[in-house]
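*Asks:* What follows is a structure written as structure tokens; I'll ask about it next.
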Amino acid sequence: MTVNLRDLSRTIAEFAFLTALVCNSLLIYLTARRTKNITGAYKYMIILFALLGLIFSCTEMLARPFVHNFNASFVYFSLSNDLSEFKSLVQMLLVLYSGLYSSLISFVAVQFIYRYMVLVNANLLESWFTGWKLVFWVFYVIFFGFAWSASVYFCLFPDTYSYNYIRTEFKDVYNIGVDRVAIFILVAYEKHPSSEEYKLRPASVIMIAGTISILVIQYSIMLFCGASMHRQMNEKLKNFSPDNQRLQKQFFKTLLLQISVPTVLFHMPIFPVLLGPFFNFEISAESGIIYSLFSLYPPIDGLIIMTVVTDYRIALTELFLGSHSGAQVEVIPVEVVSILNFSLL
């Protein structure tokens, strides 16, 4: 039995949207009203990240992004039937979707910076994450989202050569003309009409270099902060009580999951899609299923926080079983208040 990847993509996206709607809404409610130890800037960061995840999932449902790899090209287009008559609108949704993806990754990097400062220097944390200075981090997230969106719009906007390159392939596979759908096209090489030589298309190189640079920047931040925190945390744990050591281990486990899950599910699979055209293999693949996996990230991140962090588990128990269920919120002692006052735990 042949699996229809487009139908499977739709099913995954719908499941992810409903899951994100439930998980992220619950996370926002618990963070705002139920948790006891999550305060300060990080409280708002969790809420904003959950909201951004919801917007990402909603945009995915409207745009229905899909990708097709064909020889020296990949095609980023929409499978949306509901908005098919509004081609320009769907194009903007595709651009927005790519930008939101970049913003989500950048937001995770900001959380790593925050947690790193929590352990290194509380005064440094106050200098960078209080008052109007929080606006800087908002612009940080927006900047990288805009940069990714701009690279898609300006570098992949189809021209005559790219249209003609994938026209027959697109018609054969999807039974629709490329002129009728919201579409962006990367063609790595262009054949010179007289010499028959293949030359790199500058716009394609700029797009790939730009998007990979964004990922490298965010991952460098996360890896540096994560490794530094791990080294310093081991030393600091010696002075903590057993309860606080357990809390710190939960904290570090959350970090590991937040960086490893998107790496395995989203970032590793996307590299063959992005770089494949530059190898100019003879290939025809409906690789858009990867974009459906992207939509799973918002609910997964929410589930990680709510299942790993004790404060959320207690809040969930009280919410569904009542306040007399026996769950108790741990009191953070004075010995670690300077560290945990601004942190997730």
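A Cβ is built for glycine as well, from the same backbone N, Cα and C atoms used for every other residue.
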*Asks:* Which residue from ASN37, ASN71 is recorded in Swiss-Prot as N-linked glycosylation site?
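*Replies:* In Swiss-Prot, ASN71 carries the N-linked glycosylation site label; others show none in the record.
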*Asks:* With Swiss-Prot as the source, do LEU5 and ARG33 lie on the same side of the membrane?
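*Replies:* Going by Swiss-Prot, LEU5 and ARG33 are on opposing faces of the membrane.
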*Asks:* Count the Cβ pairs between the transmembrane segment (289-309) and the transmembrane segment (38-58) that lie under 8 angstroms and are 6 or more residues apart in sequence, then report whether there are at least 3.
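*Replies:* They do touch: at least three Cβ pairs between the two stretches lie under 8 Å.
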*Asks:* Could you check whether the transmembrane segment (205-225) packs against the transmembrane segment (38-58) - three or more CB pairs closer than 8 Å, residues at least 6 apart in sequence?
*Replies:* no
*Asks:* Taking residues 6+ outside the transmembrane segment (134-154), which of them lie with a CB under 8 Å of any CB in it?
*Replies:* 41, 44, 76, 94-96, 98-103, 105-107, 110, 128, 184, 203, 206-207, 210-211, 214, 217-218
*Asks:* Tell me the Cβ contacts of ASN71 (N-linked glycosylation site) under 8 Å, same chain only and six or more apart in sequence, or just say none.
*Replies:* PRO277, ASN280, PHE281, GLU282, ILE283, SER284
*Asks:* Residue list, the topological domain 'Extracellular' (280-288) vs rest of chain: Cβ under 8 Å, 6 or more residues beyond ends.
*Replies:* 5-6, 9, 65-72, 74, 79, 169, 173, 188-189, 198, 272-273
